[in-house]
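Residues or ranges marked as compositional bias 'Low complexity' in TrEMBL: 319-335. The domain 'Palmitoyltransferase DHHC' annotation in TrEMBL covers 128-249. Annotated region 'Disordered' per TrEMBL: 318-338, in sequence order. Look at TrEMBL and you will find 12-39, 51-73, 173-194, 214-240 tagged as transmembrane segment.
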Amino acid sequence: MGNDDHRRRKTPCGFCMAVFKWIPVVFITAVIAWSYYAYVVELCIRNSENLVGMILMLFFYHIALILFMWSYWRTIMTSVGRVPDQWRIPDEEVTRLFRADNPETQKRILNSFARSLPVTNRTMNGSVRFCEKCKIIKPDRAHHCSVCNSCVLKMDHHCPWVNNCVNFYNYKFFVLFLGYALIYCLYVAFTTLHDFVQFWKGQLNGSGVGRFHILFLFFISIMFAISLVSLFGYHIYLVLVNRTTLESFRAPVFRVGGPDKNGFNLGRYANFCEVFGDDWQYWPLPIFTSRGDGFSYPTSTDQSGEAPPAQRYAAMGDTTTNRSQNQAQSQSQRQARPKSLNLQPALELPLANGQSSSCNTAAVPSSQVVVVNFSTLPEDANGDAVIIDMVGDHSGAAAVVAAPKDAFRQPNGDVPLN
């Protein structure tokens with residue numbers, strides 16, 4: 001995993017690619033350095049005439065800049081982590097897995113190895129997820145990144161602007177980086193708006209080069225703020241629904257329940273705390289406070305009590321087997337239900353006067369199923385309930401039939417006619 005990436009970097013081509021991947025980070029750093037010069041030197045020191053206002057502007061500017069750069073640095077430098085060796089399949093098992101003659105044999109091998117691992121996610125065919133490059137069982141929400149050349153825990157996406165995968169360990173830092181970058185851009189734009197208006201009117205003091213620095217600073221801060229507001233809002237939404245970018249495009253498949261985009265949704269507050277932690281004092285700081293270990297996650301089914309955790313975290317089990325069991329259970333329940341009265345084409349019921357009535361009509365369509373409650377029907381002189389049998393079209397005539405109250409009564413007091 002990590003050794004393969006290290007060997008690849010030793011080659012000349014790998015070294016060039018490693019350098020090339022840092023170009024977006026260098027570009028962002030250069031823009032921030034230029035904005036610092038334009039704001040502090042050209043706007044505040046050389047152009048400001050109010051000393052108190054300049055000090056306040058610089059004070060809040062440096063607070064936003066420090067939080068912004070701190071979060072950016074933590075997002076870049078935080079490692080993607082490493083999957084422990086107990087998730088790695090031995091070489092002999094890998095050889096047996098690749099030589100398996102059918103998918104069912106491969107599924108049994110993977111399920112047998114992952115019996116003691118806390119995995120609930122599956123592939124579309126119900127098999128345990130396996131990485132052929134890393135030779136490991138993939139933990140829940142983990143994916144293989146071809147750029148990092150490793151399996152990444154709770155992978156959100158690979159971001160070239162930070163030259164790193166956004167994952168379990170740095171997702172909080174990434175969201176804070178977006179938020180503080182947006183605050184930084186908005187603050188710079190609002191505080192340079194007055195000078196931009198003065199420049200537009202031709203009343204801005206300072207040299208020609210300095211005025212253009214302020215002009216470009218305003219436009220660039222507005223441009224970055226527009227792009228950041230949508231990205232930051234989208235990731236706040238993902239945090240509140242406990243979903244990664246990959247999971248929003250392709251729903252994770254669970255052993256119990258199948259594909260479900262909301263499978264890890266625990267509620268907005270619990271979802272927020274899973275990323276930012278339980279101590280609100282550390283929420284605005286780029287300090288790791290996320291819940292869990294990155295290998296197993298509580299699911300919405302566990303929270304609602306629909307299935308015990310032991311059932312969800314059991315690695316063994318086939319989705320097709322569970323589906324067959326559910327079908328057999330549903331069939332047994334249908335057989336145990338009381339049979340309802342079926343009106344045949346020639347239906348005879350005893351009338352109140354001892355005669356019989358025959359309804360030579362077609363079977364009642366399913367759209368005209370009527371449920372009659374004997375307790376609410378009127379009675380005739382003999383104490384029998386009067387049933388109105390709607391046969392055929394509703395616009396046609398209805399046959400009025402009388403039957404004893406308890407003739408077809410079910411335990412709940414209803415009589416279905418179909």
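Here the Cβ of each residue, glycine as well, is placed from N, Cα and C on the backbone.
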Cβ under 8 Å, sequence separation of at least 6 from the ends of the transmembrane segment (12-39): give me the contacting residues as numbers and ranges. 61, 65, 68-69, 72, 76, 147, 160-163, 188, 191-192, 213-214, 216-217, 220-221
Let me spell it out: take the transmembrane segment (51-73), skip the flanking residues so only those 6+ beyond its ends count, and list any with a Cβ under 8 Å from a Cβ in it. 28, 32, 36, 39-40, 44-45, 162, 173-174, 176-177, 179-181, 183-184, 187-188, 191, 284, 286
Calculate the per-residue pLDDT averaged over the domain 'Palmitoyltransferase DHHC' (128-249) and state the result as an integer. 92
Lying 6 or more residues past either end of the transmembrane segment (173-194) yet within Cβ distance under 8 Å of it, the residues of that chain are 35, 39, 43, 57, 60-61, 64-65, 67-68, 71-72, 74-75, 78, 156, 159, 162, 166, 214, 217-218, 221-222, 224-225, 228-229, 231-232, 235-236, 239, 275, 284-286, 288
Run through the domain 'Palmitoyltransferase DHHC' (128-249) and tell me, per DSSP, how many residues are helix, strand and coil. 70 helix, 17 strand, 35 coil
